[in-house]
Amino acid sequence: MAYMDYENLYNQLSRGETDFEIELKPEAIVEALVVNTMPMHPVEEIFHVDPGQKNLMNMPVSLMFKIAGNLDPVERTALRSVNKAIKNLADSLPPVFESMSIAWTSCNSLYWKFNDNPTEHFGEGKLEKLSNIPGFKVNNLRLRSYGRCGRTLFNYPKTKLADVLPESFLNAKNVDINVATINDAIQLLSIAKPGDLESIRLWPVDRSEGEHFPKFFNTEQFKKTKNVEILSLQGFDVEVLSNFSHLKSFKIKLSGDFVEEDFLRIRETISTFEDLEKCELRIVSGFQIREICKALGIKIPLGSLKTITHRYQIPESNKCLDFKIESGGPSILMKIMRIR
Amino acid sequence: MSSTEQGTSSAAPAEPTTAPESAAAPEVPESFYYVHGKDKVVHKVSAGALQHSALIHGMISNLGYTEEQAKANPFPFENIDGDILQMVVDWCNQHKGKPTPPEDTNLPKQKEKLFDLVLAVNYLEIKELLTYCCKQVAMMVKGKSPEEIREIWMIPTDAEDEAAEKEAKKRAGKEAAGETAAAAGDAK
């Protein structure tokens, strides 16, 4: 037996690897001594026993990418410690997050969450570091600033909300904003690149902010987006609706002092929206479903009325608006689809 | 060769009928093709169901088989286990001519089966099913630690990888030396 073979055997035994019956069979040792060969090393036994064994490493690289691509960048961090090959795989996938929620504290520092994961992350400079990774992108961005609601004149932060948000967040496709004032909403919206934004959702702002909505509608981001949801638009005026003429879809909750003629004017205004596919108006007006139907000239059946459908032929056009009007609590929901 | 016919009765070719001339043109009967896996069990699948597979669809459109020719020459997929091919055929039949749903919950839970299915579906180029399968493989490790991932996906550590590589090299070297010695012996 050669010195190296003795050394191998010694090393195996000193590591406590005594569980190799094949190798320690007397005839095997005799064979090793006689023909100067050692039996197969245990590692070889383990890894060459079933070359056809299915595992992730046996898959084509394109499939490994496709599989790992289903995990978001945070979920992929665990892959980085699995082994070198998987680490390289995880690192070569672009850091695209499906959704991210960012919230501002009262002193304008940030904390954030990824997708539906409840774990909160925070720390100065960390978000910027993350956003500086080449290819970083968030598809759906939720921006929240609850803390600002409770601020007073004395603890109002010197920095703006947008000042602490890294620039890379400008490229989100969909933005969901929940802030106290229209000015804060405009400030956050203004950092997004006009034209890149596919949809905007704005949660209710302070009641006193209603008069500032025209400023929101005048932002380039609003003018160039295609889908909008405004969860509360106070101080209704039919003219306001004309701001939505460029949209493919919109949802609004309208409240204010309505008069009967307003419903006809809403229908007329919406019928002029050439690009519209569908919209939903939740109207808080004090009017009941029967009164609205009457105002729109819809025949009302006898008995209780919860839902009614109505097709409106757009004058001098071959297109129609399909209305589904539903009553529910203090509001009326009007779902409108444009039929081509 | 054993044979199982997988087509549903509604999809069977219609018998020719004597329809009045004034009636609308009769529907073109659906054509069927045959596939078999490693176990040689033949599966009858409609052309509509096979459209999910870009590979088979391409073969059909390039070969221009008649139904009789197709029956005599089933497409051989020797690299796919019979039970896996059965799963694929079932999926294609279930989703024939239907829009595919955003998720599929009927995929195998056993990882070996799922890995086999991924490889088969990738080979057959069934895009939607591949997307579901890859998502399911990914979900197996969602929220798991690196050690758990290694176990679930059966991935060796770097040390194990290196050791295996070293041993493989050593063995290849030994084999090469053995072959050289044998060749020298033969020459003598």
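The backbone N, Cα and C atoms fix where each Cβ goes, glycine too.
Looking at B:73-101, B:160-188, the range annotated in TrEMBL as region 'Disordered' turns out to be B:160-188. Sequence-distant contacts of the region 'Disordered' (B:160-188), counting only residues of its own chain at least 6 positions beyond either end whose CB sits under 8 Å from a CB of the stretch, are absent. Helix, strand and coil content of the compositional bias 'Low complexity' (B:178-188), in residues and according to DSSP, is 10 helix, 0 strand, 1 coil.
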